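This report concerns only the one structure given below.
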Amino acid sequence: MPYISASIIVQLLTVVYQPLAELKKEGESGRRKISQYTRYGTLVLAIFQSIGIATGLPNMPGMQGLVINPGFAFYFTAVVSLVTGTMFLMWLGEQITERGIGNGISIIIFAGIVAGLPPAIAHTIEQARQGDLHFLLLLLVAVLVFAVTFFVVFVERGQRRIVVNYAKRQQGRRVYAAQSTHLPLKVNMAGVIPAIFASSIILFPATITSWFGGGTGWNWLTTISLYLQPGQPLYVLLYASAIIFFCFFYTALVFNPRETADNLKKSGAFVPGIRPGEQTAKYIDKVMTA
């Protein structure tokens, strides 16, 4: 989580902070520097989060006896262990990415999610075998899981394609004929970032409560965290609203229709029936938000 949060923060800063925006345009060298800043951010967030976890562990409800001697040695060992583990996972994810296997961090997160899948499936099948779960209900759940997975992949891979034409041009004695291609715009350009943002913000009071909930003066925060527990009506309402908001917010940050329109104009490309420049930018923005 610290690496994901640091990556999102740095990615947002490359849009709103001009020096980082210029650094992003420098190509491979700029990308390496931005990656280095992401590592620094991961270290800072990991230290902060590990201190909170180590401090709150003796005060967690129902776990007061877990830490026998909450002294300096325990806090130091816990913080160092958590930070070291985070940095190792970050390094491992980068190694997986560099070897061309895929996005390393995503693979590690995926492995953590699916690790409990086989026991859950076995437990569900055992319930159906013993008669605790009706076979038709089990079949319905399997169909729903398949349908949801198919829909998620379909939307994630979906694109809005804008037809782009290149006018006939001449370089020296060579004449290039007019060409037609398309500008692919992802349907879900924000990906899972809005869900991560929304979850982090809404669950922040619960996280603070788990750290310091055993202390006095935190009753108000405990009350708020109870209303924001997953499954509560307020949680569902805020979570859905935050995801919708961050979808538009994050897409507006990472994708600039005006910059795309200017790049098309500089390369001699145009959208049929749309004037290059400002009108093209408005058209691209309309397609993205429609």
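Every residue gets a Cβ built from N, Cα and C, even glycine.
Sequence annotations record features per position, and here TrEMBL assigns transmembrane segment to 40-60 (among others).
Residues or ranges marked as transmembrane segment by TrEMBL: 72-92 (among others).
Look at TrEMBL and you will find 104-121 (among others) tagged as transmembrane segment. Sequence-distant contacts of the transmembrane segment (104-121) (same chain, at least 6 residues past either end, Cβ-Cβ under 8 Å): 3-4, 7, 89-90, 92-98.
Taken from TrEMBL, the feature transmembrane segment covers 133-155 (among others).
The transmembrane segment annotation in TrEMBL covers 192-214 (among others).
Within its own chain, the transmembrane segment (234-255) is flanked in space by residues 11-12, 15-16, 185, 189-190, 193-195, 197-199, 201-202, 227-228, 288-289, which lie at least six positions past its ends and keep a Cβ under 8 Å from the stretch. Residues or ranges marked as transmembrane segment by TrEMBL: 234-255 (among others).
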Residue numbers, six or more beyond the limits of the transmembrane segment (72-92), whose CB comes under 8 Å of its CB atoms: 2-3, 39, 42-43, 46-47, 49-51, 53-55, 57, 104-105, 108
